[in-house]
Amino acid sequence: MGKIFGTDGIRLKVKNELQAEFLVKISQAICEEFGERSVFLLGRDVRYGGELIRHAIISGFLTSGCRVYDAGLITTPALQYVIKNEGFFDGGVMITASHNPPEYNGIKVIDSDGIEIPREKENEIEKIYLENRISGKISSEEKFFIPKYPDPLDKYLEGILDNVDDEIIKRRNFKVVVDGANSVGSLVIPKLVKLLGGKPISLNSHLDPDFSGRLPEPTPETLFDTSNVVKAVNADLGIAVDGDADRSIFLDEFGNVLWGDKTAVILSIYLSEKNPELPKKVYTGISSSYFIEELLKKRGIDVIWMKVGSVDIARKLKKEGGLLGFEENGGIMYPKHQYVRDAGMALALMLEVMSAERKKISELYSIYPKTYTIKTKYSVDISKAKEIIEKIKNCYRSYPMIDIDGVKVLQEDSWFLVRPSGTEPVLRVMVESKIQNKEKLILKELEKIILG
């Protein structure tokens, strides 16, 4: 069996990869690593197979001497917030495949600090599973009782409100289009807008494992209808979340889709003034735009480049401190709240910036230079991905490059990144240029190498 954990937890195709035996055994391995009598909080989104996974995980935990509380339908950041702040849980499991297509489901394993477990812990769980080091202990009958954890979403929302100036936000009466992706974000984000004195216009708000409104990953292609609604209702902004509402992609009042790395620039500049005690540095994956460094360095903020993966970014942020951790796909981590991606917290911060600066969201983003971007992916056998990346490195060897995760090639007015996905059998390609149409020319060159 290959590696079990990917970039962000375990992802499985529901129809042909979701096996109860595997789920029970991996849950036993998780319990073995955390230790007998560990207490876990379990939550899930709306995906198919969620109940099967839930029962399998409970079985695995109970037959290994661990205890479980059930948070029910919940967002990943809400589950993480409760685990971190209650001081009662040793860890947790979120049943989700995040932004993956509807045919996937999976799990994220959460540590007691609310962050997904570190790579070392993942590796140890895999070893326990593969070596079948499962003790299998049931010490008392009362462990078969699975109590419901009360009001986790309300506690999470209270935590967000504690970390923003809600009074200045309430004065603005923002109208916000909320695209909940037919999943658990719809249970939280509209309510947050109301708590901040705004008017939510809900889109894709009914819970649906088919994700009939749009695919779970918020991109310009999937947010066409969302963009039109923002314009039609004259909203101040829109927010679209992924399947478990840890990612957030904003739309300005004109319906333009705003990538997460640009959002992070706006928030980082504001937070450097709001929180002068925090180290003036941010952490981001190699997939973020190289041009953000120009903007942030001018304001004395250092950019620490890292491999793609929110877990590594979060743990680096916690260890060394900083203003923010973020990903271009919309993952925003605000350390004053918690060290994990959190769509609700990102929205509250954006509304605070708009309120404090008295600016429209499009005006805030105008500091970013005009660029032309393509983000796409190619189905590629993972065994061939390394060979393709080496070919690209050889073809562009005369340019500066960063190869901590795939290869990122830097040109004077452009850059591109090619890297294997950690959650799907694809190569992800990102190209950005300050010169119109150059991004298309670069992509054509790359396609010749990728497609042979």
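Even glycines carry a Cβ here, placed using N, Cα and C.
Positions annotated as domain 'Alpha-D-phosphohexomutase alpha/beta/alpha' by TrEMBL: 3-131, 154-253, 259-369. The domain 'Alpha-D-phosphohexomutase C-terminal' annotation in TrEMBL covers 394-442.
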What DSSP reports for the domain 'Alpha-D-phosphohexomutase C-terminal' (394-442) is 7 helix, 21 strand, 21 coil
Restricted to the domain 'Alpha-D-phosphohexomutase alpha/beta/alpha' (154-253), the mean pLDDT of the model is 98
Pull the DSSP breakdown for the domain 'Alpha-D-phosphohexomutase alpha/beta/alpha' (3-131) and write it out as helix, strand, coil residue counts.
51 helix, 33 strand, 45 coil
